[in-house]
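Peer 1: Supplied in C-alpha coordinates, the structure appears directly below.
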(Lines of atoms letter the chains of each structure in order from A; the text may use other names.)
(Lines give C-alpha, C1' and ligand atoms only; values in the text may rest on other atoms or scores of the structure.)
Protein backbone atom coordinates (compact mmCIF):
# COMPACT_ATOMS: atom_id res chain seq x y z
CA UNK A 1 0.00 0.00 0.00
CA UNK A 2 1.49 3.30 -1.10
CA UNK A 3 0.14 5.79 1.40
CA UNK A 4 1.43 9.33 1.50
CA UNK A 5 0.72 12.47 3.46
CA UNK A 6 -0.15 15.83 1.93
CA UNK A 7 -0.02 19.18 3.73
CA UNK A 8 -1.63 22.05 1.85
CA UNK A 9 -0.99 25.58 3.06
CA UNK A 10 -4.11 27.68 3.51
CA UNK A 11 -6.29 29.43 2.87
CA UNK A 12 -8.82 27.73 0.58
CA UNK A 13 -9.46 26.88 -2.24
CA UNK A 14 -7.49 23.65 -2.13
CA UNK A 15 -7.89 22.79 -5.80
CA UNK A 16 -9.66 19.39 -5.70
CA UNK A 17 -13.10 17.81 -5.47
CA UNK A 18 -14.28 14.79 -3.46
CA UNK A 19 -16.64 11.97 -4.31
CA UNK A 20 -18.08 9.05 -2.36
CA UNK A 21 -18.59 8.70 1.36
CA UNK A 22 -20.34 6.41 3.82
CA UNK A 23 -23.77 7.55 2.63
CA UNK A 24 -22.84 6.56 -0.96
CA UNK A 25 -21.35 3.20 0.13
CA UNK A 26 -18.06 4.27 -1.49
CA UNK A 27 -14.70 5.40 -0.11
CA UNK A 28 -13.82 9.07 -0.26
CA UNK A 29 -11.76 9.66 -3.40
CA UNK A 30 -10.42 12.60 -5.41
CA UNK A 31 -12.80 13.14 -8.35
CA UNK A 32 -11.16 16.13 -10.09
CA UNK A 33 -8.18 18.48 -9.78
CA UNK A 34 -7.78 22.11 -10.74
CA UNK A 35 -4.90 22.81 -13.05
CA UNK A 36 -2.19 24.63 -11.15
CA UNK A 37 -4.06 24.29 -7.88
CA UNK A 38 -2.56 23.47 -4.51
CA UNK A 39 -3.56 19.81 -4.67
CA UNK A 40 -2.13 19.43 -8.18
CA UNK A 41 1.14 21.02 -7.10
CA UNK A 42 1.35 18.54 -4.21
CA UNK A 43 1.19 15.65 -6.78
CA UNK A 44 -2.30 14.52 -5.76
CA UNK A 45 -3.88 12.35 -8.46
CA UNK A 46 -7.45 11.72 -9.50
CA UNK A 47 -8.78 8.52 -7.91
CA UNK A 48 -6.60 8.68 -4.80
CA UNK A 49 -8.45 7.43 -1.71
CA UNK A 50 -8.67 9.78 1.27
CA UNK A 51 -7.73 7.84 4.39
CA UNK A 52 -7.70 10.64 6.97
CA UNK A 53 -8.43 14.35 7.17
CA UNK A 54 -6.52 16.41 9.70
CA UNK A 55 -5.61 13.27 11.64
CA UNK A 56 -9.17 11.87 11.77
CA UNK A 57 -10.00 8.66 9.89
CA UNK A 58 -12.27 9.21 6.90
CA UNK A 59 -13.61 5.65 6.65
CA UNK A 60 -16.80 6.36 8.61
CA UNK A 61 -17.36 9.88 7.29
CA UNK A 62 -20.26 10.81 5.06
CA UNK A 63 -19.73 13.11 2.10
CA UNK A 64 -21.05 16.13 3.97
CA UNK A 65 -18.97 15.41 7.07
CA UNK A 66 -15.82 15.24 4.97
CA UNK A 67 -16.66 18.55 3.31
CA UNK A 68 -17.28 20.23 6.65
CA UNK A 69 -14.04 18.83 8.04
CA UNK A 70 -12.06 20.23 5.10
CA UNK A 71 -13.80 23.60 5.40
CA UNK A 72 -12.87 23.75 9.08
CA UNK A 73 -9.16 23.56 8.20
CA UNK A 74 -8.37 27.25 7.58
CA UNK A 75 -4.63 27.43 8.26
CA UNK A 76 -3.46 24.21 6.64
CA UNK A 77 -4.98 20.96 5.39
CA UNK A 78 -3.28 17.68 6.31
CA UNK A 79 -4.52 14.54 4.58
CA UNK A 80 -3.38 10.94 4.28
CA UNK A 81 -4.04 9.53 0.80
CA UNK A 82 -3.62 6.21 -0.95
CA UNK A 83 -2.54 5.98 -4.56
CA UNK A 84 -5.19 4.94 -7.04
CA UNK A 85 -2.96 2.21 -8.51
CA UNK A 86 -2.76 0.43 -5.18
CA UNK A 87 -6.38 1.03 -4.28
CA UNK A 88 -7.73 -0.22 -7.60
CA UNK A 89 -7.09 -3.85 -6.70
CA UNK A 90 -9.17 -3.82 -3.55
CA UNK A 91 -11.78 -1.42 -4.91
CA UNK A 92 -14.12 -3.86 -6.68
CA UNK A 93 -14.23 -6.20 -3.66
CA UNK A 94 -15.28 -3.48 -1.25
CA UNK A 95 -17.85 -1.89 -3.55
CA UNK A 96 -19.52 -5.05 -4.80
CA UNK A 97 -19.66 -6.77 -1.45
CA UNK A 98 -23.43 -6.41 -1.08
CA UNK A 99 -24.42 -6.65 -4.76
CA UNK A 100 -25.09 -10.41 -4.94
CA UNK A 101 -28.04 -9.86 -2.57
CA UNK A 102 -29.74 -7.55 -5.06
CA UNK A 103 -29.13 -9.52 -8.27
CA UNK A 104 -32.25 -11.32 -9.47
CA UNK A 105 -31.34 -14.60 -11.10
CA UNK A 106 -33.92 -16.90 -12.72
CA UNK A 107 -33.73 -20.57 -11.87
CA UNK A 108 -32.21 -22.37 -14.86
CA UNK A 109 -33.83 -25.47 -16.31
CA UNK A 110 -31.01 -27.98 -16.41
CA UNK A 111 -30.77 -31.69 -16.72
CA UNK A 112 -28.94 -32.27 -13.37
CA UNK A 113 -31.96 -30.82 -11.57
CA UNK A 114 -34.17 -33.40 -13.29
CA UNK A 115 -31.95 -36.26 -12.28
CA UNK A 116 -31.88 -35.01 -8.70
CA UNK A 117 -35.65 -34.93 -8.47
CA UNK A 118 -36.20 -38.26 -10.16
CA UNK A 119 -33.79 -39.90 -7.76
CA UNK A 120 -35.89 -38.87 -4.78
CA UNK A 121 -39.35 -39.39 -6.19
CA UNK A 122 -39.41 -42.97 -4.90
CA UNK A 123 -39.46 -41.71 -1.31
CA UNK A 124 -42.88 -41.74 0.32
CA UNK A 125 -42.70 -38.24 1.76
CA UNK A 126 -41.51 -36.67 -1.54
CA UNK A 127 -44.40 -37.70 -3.72
CA UNK A 128 -46.07 -35.04 -5.80
CA UNK A 129 -49.37 -33.87 -4.27
CA UNK A 130 -52.00 -35.01 -6.74
CA UNK A 131 -55.51 -33.53 -6.63
CA UNK A 132 -57.56 -36.67 -6.00
CA UNK A 133 -56.67 -38.98 -8.78
CA UNK A 134 -55.08 -36.67 -11.34
CA UNK A 135 -51.88 -38.07 -12.86
CA UNK A 136 -48.93 -35.67 -12.78
CA UNK A 137 -46.42 -35.66 -15.60
CA UNK A 138 -42.73 -36.19 -14.79
CA UNK A 139 -41.87 -33.33 -17.14
CA UNK A 140 -43.28 -30.83 -14.70
CA UNK A 141 -40.43 -31.45 -12.28
CA UNK A 142 -38.03 -29.60 -14.56
CA UNK A 143 -40.25 -26.52 -14.90
CA UNK A 144 -39.37 -23.80 -12.37
CA UNK A 145 -41.99 -21.87 -10.46
CA UNK A 146 -42.97 -18.51 -11.95
CA UNK A 147 -42.23 -16.82 -8.65
CA UNK A 148 -38.82 -18.50 -8.37
CA UNK A 149 -37.51 -16.39 -11.22
CA UNK A 150 -37.96 -13.34 -9.01
CA UNK A 151 -36.44 -14.87 -5.89
CA UNK A 152 -33.07 -13.38 -4.81
CA UNK A 153 -30.04 -15.57 -4.68
CA UNK A 154 -29.84 -15.53 -0.88
CA UNK A 155 -33.39 -16.81 -0.66
CA UNK A 156 -32.45 -19.72 -2.89
CA UNK A 157 -29.48 -20.58 -0.73
CA UNK A 158 -31.58 -20.46 2.42
CA UNK A 159 -34.06 -22.86 0.89
CA UNK A 160 -31.27 -25.31 0.07
CA UNK A 161 -30.15 -25.18 3.69
CA UNK A 162 -33.47 -26.60 4.86
CA UNK A 163 -33.89 -30.35 5.59
CA UNK A 164 -33.83 -32.62 2.53
CA UNK A 165 -37.46 -33.78 2.70
CA UNK A 166 -38.73 -30.21 2.51
CA UNK A 167 -36.19 -29.01 -0.08
CA UNK A 168 -36.83 -31.97 -2.37
CA UNK A 169 -40.56 -31.44 -2.77
CA UNK A 170 -41.25 -31.64 -6.47
CA UNK A 171 -43.71 -28.78 -7.17
CA UNK A 172 -41.95 -25.47 -6.42
CA UNK A 173 -45.19 -23.45 -6.15
CA UNK A 174 -46.02 -25.16 -2.86
CA UNK A 175 -42.87 -23.78 -1.27
CA UNK A 176 -42.86 -20.38 -2.98
CA UNK A 177 -46.51 -19.40 -2.98
CA UNK A 178 -48.55 -18.11 -0.07
CA UNK A 179 -50.36 -21.41 0.53
CA UNK A 180 -47.84 -22.59 3.17
CA UNK A 181 -48.37 -26.16 2.04
CA UNK A 182 -44.80 -27.18 2.89
CA UNK A 183 -45.14 -25.98 6.49
CA UNK A 184 -48.74 -27.01 7.13
CA UNK A 185 -49.12 -30.62 8.31
CA UNK A 186 -52.61 -30.78 6.79
CA UNK A 187 -51.11 -30.47 3.30
CA UNK A 188 -49.96 -34.07 3.53
CA UNK A 189 -53.56 -35.10 3.10
CA UNK A 190 -53.46 -33.92 -0.50
CA UNK A 191 -50.96 -36.60 -1.51
CA UNK A 192 -53.47 -39.42 -1.53
CA UNK A 193 -52.78 -42.46 -3.70
CA UNK A 194 -54.53 -42.55 -7.08
CA UNK A 195 -56.42 -45.76 -6.30
CA UNK A 196 -58.55 -44.14 -3.59
CA UNK A 197 -62.19 -44.94 -4.05
CA UNK A 198 -64.83 -42.21 -4.32
CA UNK A 199 -62.65 -39.24 -3.37
CA UNK A 200 -64.88 -36.57 -4.88
CA UNK A 201 -67.68 -37.16 -2.37
CA UNK A 202 -65.61 -35.52 0.37
CA UNK A 203 -64.88 -32.35 -1.59
CA UNK A 204 -67.50 -30.13 0.12
CA UNK A 205 -66.43 -31.37 3.57
CA UNK A 206 -62.75 -30.33 3.24
CA UNK A 207 -62.55 -26.78 1.91
CA UNK A 208 -59.00 -26.16 3.16
CA UNK A 209 -57.43 -29.24 1.60
CA UNK A 210 -59.42 -28.77 -1.59
CA UNK A 211 -58.19 -25.21 -2.01
CA UNK A 212 -54.57 -26.28 -1.54
CA UNK A 213 -54.90 -29.17 -3.96
CA UNK A 214 -56.71 -27.04 -6.55
CA UNK A 215 -53.89 -24.51 -6.37
CA UNK A 216 -51.26 -27.19 -6.88
CA UNK A 217 -53.24 -28.81 -9.70
CA UNK A 218 -53.62 -25.44 -11.39
CA UNK A 219 -49.90 -24.68 -11.12
CA UNK A 220 -48.96 -28.14 -12.44
CA UNK A 221 -51.26 -27.68 -15.41
CA UNK A 222 -49.85 -24.22 -16.04
CA UNK A 223 -46.29 -25.56 -15.88
CA UNK A 224 -47.14 -28.28 -18.39
CA UNK A 225 -48.70 -25.74 -20.72
CA UNK A 226 -45.70 -23.41 -20.59
CA UNK A 227 -43.26 -26.31 -20.96
CA UNK A 228 -45.06 -27.63 -24.05
CA UNK A 229 -45.42 -24.23 -25.71
CA UNK A 230 -41.91 -23.02 -24.84
CA UNK A 231 -43.24 -19.82 -23.30
CA UNK A 232 -40.44 -17.84 -21.66
CA UNK A 233 -42.67 -15.09 -20.25
CA UNK A 234 -42.16 -14.71 -16.50
CA UNK A 235 -45.08 -13.86 -14.27
CA UNK A 236 -45.31 -12.70 -10.70
CA UNK A 237 -47.48 -15.60 -9.69
CA UNK A 238 -49.54 -18.39 -11.18
CA UNK A 239 -52.69 -17.33 -13.08
CA UNK A 240 -55.91 -17.93 -11.19
CA UNK A 241 -58.53 -17.87 -13.90
CA UNK A 242 -60.51 -20.64 -15.54
CA UNK A 243 -59.61 -23.25 -12.95
CA UNK A 244 -62.70 -25.27 -13.67
CA UNK A 245 -62.05 -25.33 -17.44
CA UNK A 246 -58.45 -26.54 -17.16
CA UNK A 247 -59.03 -29.12 -14.43
CA UNK A 248 -62.45 -30.41 -15.25
CA UNK A 249 -61.55 -33.92 -14.17
CA UNK A 250 -60.82 -32.64 -10.66
CA UNK A 251 -64.40 -31.42 -10.24
CA UNK A 252 -65.93 -34.57 -11.69
CA UNK A 253 -68.64 -35.90 -9.44
CA UNK A 254 -69.31 -39.62 -9.66
CA UNK A 255 -72.94 -40.55 -9.96
CA UNK A 256 -72.91 -43.54 -7.63
CA UNK A 257 -76.19 -42.64 -5.96
CA UNK A 258 -78.88 -40.01 -6.30
CA UNK A 259 -78.49 -38.99 -2.66
CA UNK A 260 -74.82 -37.99 -3.00
CA UNK A 261 -75.55 -36.28 -6.34
CA UNK A 262 -78.31 -34.26 -4.74
CA UNK A 263 -76.09 -33.24 -1.81
CA UNK A 264 -73.49 -31.74 -4.17
CA UNK A 265 -75.78 -30.11 -6.71
CA UNK A 266 -78.14 -28.44 -4.24
CA UNK A 267 -77.37 -25.36 -2.18
CA UNK A 268 -74.32 -25.32 0.07
CA UNK A 269 -75.96 -25.06 3.46
CA UNK A 270 -73.55 -27.65 4.85
CA UNK A 271 -70.88 -24.97 4.89
CA UNK A 272 -72.79 -23.00 7.54
CA UNK A 273 -72.53 -23.96 11.20
CA UNK A 274 -75.66 -25.72 12.31
CA UNK A 275 -77.59 -24.75 15.38
CA UNK A 276 -79.92 -26.77 17.51
CA UNK A 277 -83.05 -25.35 15.87
CA UNK A 278 -82.24 -26.16 12.19
CA UNK A 279 -83.28 -29.52 10.79
CA UNK A 280 -80.95 -31.88 8.97
CA UNK A 281 -81.01 -32.24 5.18
CA UNK A 282 -82.45 -35.74 5.33
CA UNK A 283 -85.28 -34.47 7.50
CA UNK A 284 -86.08 -31.72 4.98
CA UNK A 285 -86.00 -34.19 2.07
CA UNK A 286 -88.40 -36.41 3.97
CA UNK A 287 -90.62 -33.39 4.61
CA UNK A 288 -90.69 -32.63 0.89
CA UNK A 289 -91.71 -36.20 0.10
CA UNK A 290 -94.49 -36.28 2.71
CA UNK A 291 -95.73 -32.76 1.88
CA UNK A 292 -95.20 -31.36 5.39
CA UNK A 293 -92.45 -28.93 4.41
CA UNK A 294 -94.38 -25.71 5.00
CA UNK A 295 -95.73 -26.92 8.32
CA UNK A 296 -92.26 -27.65 9.62
CA UNK A 297 -90.92 -24.33 8.36
CA UNK A 298 -93.63 -22.44 10.23
CA UNK A 299 -92.81 -24.33 13.41
CA UNK A 300 -89.12 -23.60 12.93
CA UNK A 301 -89.85 -19.90 12.41
CA UNK A 302 -91.87 -19.80 15.62
CA UNK A 303 -89.07 -21.53 17.48
CA UNK A 304 -86.53 -19.04 16.11
CA UNK A 305 -88.70 -16.13 17.19
CA UNK A 306 -89.07 -17.66 20.63
CA UNK A 307 -85.32 -18.06 21.00
CA UNK A 308 -84.36 -14.65 19.63
CA UNK A 309 -87.09 -12.45 21.14
CA UNK A 310 -86.90 -13.00 24.94
CA UNK A 311 -83.21 -12.17 25.30
CA UNK A 312 -83.42 -8.66 23.84
CA UNK A 313 -86.75 -8.15 25.55
CA UNK A 314 -85.18 -8.74 28.94
CA UNK A 315 -82.34 -6.42 28.10
CA UNK A 316 -84.62 -3.72 26.74
CA UNK A 317 -87.30 -4.10 29.39
CA UNK A 318 -84.99 -3.77 32.36
CA UNK A 319 -83.53 -0.39 31.30
CA UNK A 320 -87.06 0.77 30.58
CA UNK A 321 -88.21 -0.17 34.05
CA UNK A 322 -85.12 1.43 35.53
CA UNK A 323 -85.82 4.63 33.59
CA UNK A 324 -89.40 4.62 34.85
CA UNK A 325 -88.19 4.26 38.42
CA UNK A 326 -85.79 7.16 37.94
CA UNK A 327 -88.39 9.50 36.50
CA UNK A 328 -91.28 8.64 38.78
CA UNK A 329 -90.03 7.04 41.98
CA UNK A 330 -93.39 7.49 43.61
CA UNK A 331 -95.31 5.28 41.22
CA UNK A 332 -96.74 2.04 42.59
CA UNK A 333 -96.83 0.11 39.33
CA UNK A 334 -94.97 -3.22 39.60
CA UNK A 335 -91.97 -3.45 37.31
CA UNK A 336 -92.52 -7.17 36.78
CA UNK A 337 -95.62 -6.42 34.76
CA UNK A 338 -93.52 -4.65 32.17
CA UNK A 339 -91.27 -7.65 31.87
CA UNK A 340 -94.17 -10.03 31.46
CA UNK A 341 -95.67 -7.94 28.69
CA UNK A 342 -92.33 -7.90 26.89
CA UNK A 343 -92.02 -11.67 27.20
CA UNK A 344 -95.56 -12.35 25.99
CA UNK A 345 -94.24 -13.68 22.67
CA UNK A 346 -92.99 -16.87 24.32
CA UNK A 347 -94.64 -19.85 22.59
CA UNK A 348 -96.37 -22.49 24.64
CA UNK A 349 -94.21 -25.50 25.28
CA UNK A 350 -90.88 -23.77 24.66
CA UNK A 351 -88.50 -24.57 27.49
CA UNK A 352 -85.49 -22.67 26.17
CA UNK A 353 -86.88 -19.30 27.33
CA UNK A 354 -86.52 -18.47 31.00
CA UNK A 355 -89.31 -16.86 32.93
CA UNK A 356 -88.84 -13.12 33.51
CA UNK A 357 -87.03 -12.43 36.75
CA UNK A 358 -84.61 -9.94 38.22
CA UNK A 359 -81.61 -11.70 36.74
CA UNK A 360 -80.25 -8.98 34.44
CA UNK A 361 -81.17 -5.54 35.80
CA UNK A 362 -77.47 -4.94 36.48
CA UNK A 363 -77.18 -4.00 32.81
CA UNK A 364 -79.50 -1.04 33.24
CA UNK A 365 -78.42 2.55 32.78
CA UNK A 366 -75.79 3.80 35.27
CA UNK A 367 -76.66 5.92 38.23
CA UNK A 368 -77.81 9.42 37.36
CA UNK A 369 -77.66 10.92 40.82
CA UNK A 370 -80.85 9.33 42.15
CA UNK A 371 -81.60 6.06 43.84
CA UNK A 372 -82.69 3.12 41.70
CA UNK A 373 -85.28 1.20 43.73
CA UNK A 374 -84.93 -2.02 41.78
CA UNK A 375 -83.44 -3.70 44.84
CA UNK A 376 -86.63 -3.30 46.81
CA UNK A 377 -88.71 -5.25 44.28
CA UNK A 378 -88.44 -9.02 44.17
CA UNK A 379 -89.50 -11.58 41.58
CA UNK A 380 -92.99 -11.77 43.11
CA UNK A 381 -93.92 -8.36 41.74
CA UNK A 382 -93.88 -6.30 44.96
CA UNK A 383 -94.47 -2.58 44.33
CA UNK A 384 -91.54 -0.21 44.62
CA UNK A 385 -91.22 2.28 47.47
CA UNK A 386 -89.98 5.81 46.99
CA UNK A 387 -86.64 6.79 48.45
CA UNK A 388 -86.64 8.60 51.76
CA UNK A 389 -83.86 11.11 52.35
CA UNK A 390 -82.96 14.77 52.62
CA UNK A 391 -83.95 17.11 49.81
CA UNK A 392 -81.70 17.32 46.79
CA UNK A 393 -79.14 20.20 46.96
CA UNK A 394 -79.90 23.16 44.77
CA UNK A 395 -76.44 23.16 43.15
CA UNK A 396 -76.56 21.89 39.60
CA UNK A 397 -72.94 20.73 39.79
CA UNK A 398 -73.25 19.25 43.25
CA UNK A 399 -70.60 16.97 44.67
CA UNK A 400 -73.20 14.78 46.34
CA UNK A 401 -73.57 11.37 44.71
CA UNK A 402 -75.98 8.48 45.18
CA UNK A 403 -75.23 4.77 45.32
CA UNK A 404 -76.81 2.54 42.69
CA UNK A 405 -78.75 -0.48 43.92
CA UNK A 406 -78.02 -3.70 42.05
CA UNK A 407 -80.20 -6.78 42.75
CA UNK A 408 -78.86 -10.28 43.24
CA UNK A 409 -77.92 -12.11 40.09
CA UNK A 410 -75.21 -14.12 38.43
CA UNK A 411 -72.59 -11.52 39.25
CA UNK A 412 -70.67 -11.97 42.52
CA UNK A 413 -68.56 -8.85 43.09
CA UNK A 414 -66.11 -8.18 45.90
CA UNK A 415 -66.99 -5.72 48.63
CA UNK A 416 -64.69 -2.69 48.77
CA UNK A 417 -64.98 -2.53 52.57
CA UNK A 418 -64.51 -6.12 53.76
CA UNK A 419 -63.03 -7.56 50.54
CA UNK A 420 -65.49 -10.48 50.65
CA UNK A 421 -67.73 -11.84 47.92
CA UNK A 422 -71.20 -10.30 47.92
CA UNK A 423 -74.08 -12.79 47.84
CA UNK A 424 -77.31 -10.98 47.15
CA UNK A 425 -78.16 -7.35 46.44
CA UNK A 426 -75.30 -4.85 46.57
CA UNK A 427 -74.51 -1.20 45.99
CA UNK A 428 -72.31 0.36 43.33
CA UNK A 429 -70.58 3.64 44.11
CA UNK A 430 -67.37 5.22 42.79
CA UNK A 431 -66.86 2.24 40.51
CA UNK A 432 -66.78 -0.21 43.45
CA UNK A 433 -69.25 -2.65 44.98
CA UNK A 434 -70.39 -2.62 48.61
CA UNK A 435 -72.52 -4.59 51.01
CA UNK A 436 -75.58 -2.44 51.78
CA UNK A 437 -74.94 -2.73 55.52
CA UNK A 438 -71.26 -1.70 55.17
CA UNK A 439 -71.74 1.40 53.03
CA UNK A 440 -71.70 3.81 55.98
CA UNK A 441 -70.53 7.34 56.72
CA UNK A 442 -66.99 7.62 58.02
CA UNK A 443 -68.07 10.03 60.81
CA UNK A 444 -71.60 9.27 61.98
CA UNK A 445 -71.56 5.60 60.81
CA UNK A 446 -75.08 5.93 59.39
CA UNK A 447 -75.95 4.00 56.27
CA UNK A 448 -75.68 5.91 53.00
CA UNK A 449 -77.69 3.44 50.93
CA UNK A 450 -80.59 5.87 50.51
CA UNK A 451 -78.93 9.26 51.00
CA UNK A 452 -76.25 11.18 49.21
CA UNK A 453 -72.55 10.94 49.96
CA UNK A 454 -69.41 12.91 49.18
CA UNK A 455 -65.83 11.68 48.90
CA UNK A 456 -63.41 13.85 50.87
CA UNK A 457 -59.73 13.03 51.47
CA UNK A 458 -60.21 9.38 50.53
CA UNK A 459 -63.13 8.82 52.93
CA UNK A 460 -66.88 8.77 52.31
CA UNK A 461 -69.17 11.06 54.29
CA UNK A 462 -72.90 11.51 54.19
CA UNK A 463 -74.08 14.84 52.86
CA UNK A 464 -75.04 16.04 56.34
CA UNK A 465 -71.58 15.44 57.80
CA UNK A 466 -69.90 16.90 54.74
CA UNK A 467 -72.03 20.01 54.95
CA UNK A 468 -71.28 20.33 58.65
CA UNK A 469 -67.51 19.75 58.66
CA UNK A 470 -66.11 20.27 55.18
CA UNK A 471 -68.39 22.41 53.00
CA UNK A 472 -67.32 26.10 52.77
CA UNK A 473 -69.74 28.96 53.36
CA UNK A 474 -70.93 31.28 50.61
CA UNK A 475 -69.98 34.93 51.05
CA UNK A 476 -73.34 36.17 49.80
CA UNK A 477 -76.10 33.82 50.97
CA UNK A 478 -74.18 32.43 53.97
CA UNK A 479 -75.18 28.88 53.01
CA UNK A 480 -72.97 25.84 52.69
CA UNK A 481 -71.55 25.16 49.24
CA UNK A 482 -72.01 21.56 48.12
CA UNK A 483 -71.02 22.11 44.50
CA UNK A 484 -68.47 24.14 42.58
CA UNK A 485 -66.73 26.77 44.68
CA UNK A 486 -65.70 30.19 43.33
CA UNK A 487 -62.75 31.72 45.17
CA UNK A 488 -62.71 35.49 44.69
CA UNK A 489 -62.06 38.55 46.86
CA UNK A 490 -60.70 36.28 49.61
CA UNK A 491 -64.09 34.59 49.97
CA UNK A 492 -65.93 31.53 48.67
CA UNK A 493 -69.07 31.83 46.58
CA UNK A 494 -71.73 29.77 44.94
CA UNK A 495 -71.55 29.95 41.16
CA UNK A 496 -75.04 31.44 41.15
CA UNK A 497 -74.12 34.00 43.81
CA UNK A 498 -70.99 35.51 42.26
CA UNK A 499 -72.61 37.39 39.37
CA UNK A 500 -72.14 40.65 37.49
CA UNK A 501 -74.01 43.55 39.05
CA UNK A 502 -75.03 44.93 35.65
CA UNK A 503 -76.14 41.88 33.64
CA UNK A 504 -76.65 39.34 36.45
CA UNK A 505 -74.74 36.56 34.66
CA UNK A 506 -72.35 34.30 36.59
CA UNK A 507 -68.78 35.46 36.22
CA UNK A 508 -67.28 32.03 37.00
CA UNK A 509 -63.56 32.01 36.15
CA UNK A 510 -63.65 34.95 33.75
CA UNK A 511 -62.02 38.35 34.19
CA UNK A 512 -63.99 40.83 36.27
CA UNK A 513 -63.53 44.40 37.52
CA UNK A 514 -64.53 46.08 40.76
CA UNK A 515 -66.32 49.41 40.88
CA UNK A 516 -67.44 50.68 44.29
CA UNK A 517 -66.81 47.20 45.68
CA UNK A 518 -69.17 45.49 43.23
CA UNK A 519 -68.01 42.97 40.60
CA UNK A 520 -68.64 43.68 36.91
CA UNK A 521 -67.92 41.49 33.95
CA UNK A 522 -65.42 42.84 31.47
CA UNK A 523 -67.99 43.76 28.84
CA UNK A 524 -70.26 45.74 31.14
CA UNK A 525 -67.39 47.43 32.95
CA UNK A 526 -65.93 49.00 29.82
CA UNK A 527 -69.40 49.85 28.54
CA UNK A 528 -70.26 51.69 31.77
CA UNK A 529 -66.99 52.98 33.18
CA UNK A 530 -64.30 52.41 30.58
CA UNK A 531 -62.68 55.06 28.38
CA UNK A 532 -62.61 54.39 24.67
CA UNK A 533 -59.65 55.45 22.59
CA UNK A 534 -60.71 57.75 19.74
CA UNK A 535 -58.07 56.37 17.43
CA UNK A 536 -58.61 52.59 17.66
CA UNK A 537 -62.00 52.63 19.42
CA UNK A 538 -60.76 50.07 21.93
CA UNK A 539 -60.97 50.64 25.70
CA UNK A 540 -58.00 52.04 27.53
CA UNK A 541 -57.26 49.44 30.14
CA UNK A 542 -55.47 49.91 33.42
CA UNK A 543 -51.77 50.40 32.89
CA UNK A 544 -52.07 51.65 29.30
CA UNK A 545 -50.32 54.91 28.38
CA UNK A 546 -52.81 57.50 27.15
CA UNK A 547 -53.13 61.22 26.47
CA UNK A 548 -55.93 63.71 26.07
CA UNK A 549 -56.16 65.91 22.99
CA UNK A 550 -58.89 67.49 20.89
CA UNK A 551 -61.36 66.81 23.67
CA UNK A 552 -60.86 63.01 23.53
CA UNK A 553 -58.65 60.32 25.00
CA UNK A 554 -56.06 58.52 22.91
CA UNK A 555 -53.59 55.71 23.32
CA UNK A 556 -50.10 57.14 23.09
CA UNK A 557 -49.54 55.04 19.97
CA UNK A 558 -52.86 56.05 18.38
CA UNK A 559 -52.34 59.84 18.41
CA UNK A 560 -50.66 60.18 15.01
CA UNK A 561 -50.94 62.36 11.91
CA UNK A 562 -53.96 61.49 9.81
CA UNK A 563 -51.88 61.60 6.62
CA UNK A 564 -48.38 60.23 7.32
CA UNK A 565 -49.18 58.41 10.62
CA UNK A 566 -46.22 60.07 12.35
CA UNK A 567 -46.49 60.11 16.12
CA UNK A 568 -47.57 63.48 17.48
CA UNK A 569 -46.87 62.75 21.15
CA UNK A 570 -44.94 65.70 22.62
CA UNK A 571 -44.94 67.58 19.30
CA UNK A 572 -46.81 70.51 17.84
CA UNK A 573 -49.81 69.44 15.83
CA UNK A 574 -52.63 71.05 13.92
CA UNK A 575 -56.27 70.12 13.65
CA UNK A 576 -58.58 70.22 10.67
CA UNK A 577 -62.11 68.97 11.18
CA UNK A 578 -61.05 67.31 14.47
CA UNK A 579 -58.29 65.36 12.74
CA UNK A 580 -54.71 65.75 13.96
CA UNK A 581 -52.07 66.77 11.39
CA UNK A 582 -48.33 67.33 11.57
CA UNK A 583 -46.56 70.52 10.40
CA UNK A 584 -45.83 69.13 6.96
CA UNK A 585 -49.43 68.34 6.08
CA UNK A 586 -51.20 71.06 8.02
CA UNK A 587 -51.40 73.48 5.05
CA UNK A 588 -51.14 71.04 2.16
CA UNK A 589 -54.14 68.85 2.85
CA UNK A 590 -57.76 69.85 2.57
CA UNK A 591 -60.50 67.64 3.96
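Every residue, even glycine, has its Cβ placed from backbone N, Cα and C.
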Peer 1: Candidates are 192, 318; I want to know which one Swiss-Prot annotates as phosphoserine.
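Peer 2: When Swiss-Prot is consulted, phosphoserine appears for 318.
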Peer 1: Labelled phosphoserine in Swiss-Prot - which residue from 228, 394 would that be?
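Peer 2: So the answer, going by Swiss-Prot, is 228.
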Peer 1: Could you tell me which of the ranges 42-92, 348-398 is annotated in Swiss-Prot as region 'Disordered'?
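Peer 2: My reading of Swiss-Prot: the region 'Disordered' range is 348-398.
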Peer 1: By DSSP assignment, list the helix, strand and coil residue numbers for the domain 'PDZ' (2-85), in that order.
Peer 2: 19 helix, 35 strand, 30 coil
Peer 1: Other than its own, how many Cβ atoms are within 10 Å of the Cβ belonging to residue 2 (N-acetylserine)?
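Peer 2: Its Cβ shell of radius 10 Å holds 11 other Cβ atoms.
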Peer 1: Looking only at the domain 'LIM zinc-binding 1' (413-472), how are its residues distributed among DSSP helix, strand and coil?
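Peer 2: Result for the domain 'LIM zinc-binding 1' (413-472), in helix, strand, coil order: 10 helix, 20 strand, 30 coil.
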